[in-house]
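Student: So TrEMBL has the following annotated:
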- 26-45: transmembrane segment (TRANSMEM)
- 52-71: transmembrane segment (TRANSMEM)
- 91-115: transmembrane segment (TRANSMEM)
- 127-153: transmembrane segment (TRANSMEM)
- 165-189: transmembrane segment (TRANSMEM)
- 201-221: transmembrane segment (TRANSMEM)
- 241-265: transmembrane segment (TRANSMEM)
Amino acid sequence: MAPPPYIPPCAPYGTYPSSYGYQPSLAAGIFFSICFGLYTCANVIQTFRTRCWWMGIFFSCGTILEVIGWIGRTVAHSCSYSGEINTMQIATLIMGPAYTQSGVYIALWMIVKILGRKVSPVPPKLYLLVIFGVDCVCLSLQAIGGGMAGAAFDQGTSTSTGTTIMVVGIIAQLVSGMMFAGFLCIVFPRGASQIKASRPLLLACTAIVISTTMMNLRGFYRSIELCQGWTGPLITHQGYVVGLDAAPMLVAMGVLAVLNPSVLLRRVEMKQAVEDGVNPIDVEKGAPKRLDSDAET
């Protein structure tokens, strides 16, 4: 079989067929790159302030991947024929939300420890281990499938195998997100009285609900988009990726940056520390002795 025609990494518009089916918007690329960049700065600052390292790392990784993806789409405005840029932007934009979702999982784990074991149908540590295990599998499938599909697309060969693997990973992540939403519907009503009594706790729970809803909406879109294939009506029309991927993630990551759970939950912990006679400085510094260390895990 003859090798596919050579397409340079970047070429003038109209010289070669577009990898997207359209010319990526320069304005959208710049706008979302700046927004997610600001979210990244906010996440990094708040991580060092609160010392909630894992939550902060996951939130920051999620926004950084969004920045990379949208910078890629910004560059693609001038060279929408680069297979390398196309592979990079779709891989980062697909995997980025998984890291943000992992940060939300940690936030709920902290909330369960604050509210007490009674609100959770399973031990907090077990919930965290299981849901992180599922996330690792989902990310691995998305990375492997995306790499295979991107390589096949560049070589002009069938992308079906890689696409199928990636779709399985995305759908599995969507199922995980829906199960997490169901878990929220159990935990929050059980702890409603405590949540309503604390404004920081209420705001943190609100941020989790909004971000989870937005990420699940985006997950539905991505699952349907990739099931249609690389030339389907969703993936080849820019309005869908802006309205059903970028916009939901802008809201999800934005609410987590403004109503950052690590900041809000630290306030709750410090207030409880004062009430329980524990030195709040230990809580602020993230010392091993936590006010909720006697909670059943």
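Heads up, the Cβ atoms here are built off N, Cα and C, so glycines get one too.
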Student: Out of 26-45, 52-71, 127-153, 201-221, which stretch touches the transmembrane segment (91-115) the most, going by CB pairs under 8 Å?
Tutor: 52-71
Student: So are the transmembrane segment (52-71) and the transmembrane segment (241-265) touching or not, going by 3+ C-beta pairs under 8 A with a sequence gap of 6 or more?
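Tutor: Answer yes: the transmembrane segment (52-71) meets the transmembrane segment (241-265) with 3 or more Cβ pairs below 8 Å.
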Student: Out of 127-153, 165-189, 241-265, which stretch touches the transmembrane segment (201-221) the most, going by CB pairs under 8 Å?
Tutor: 241-265
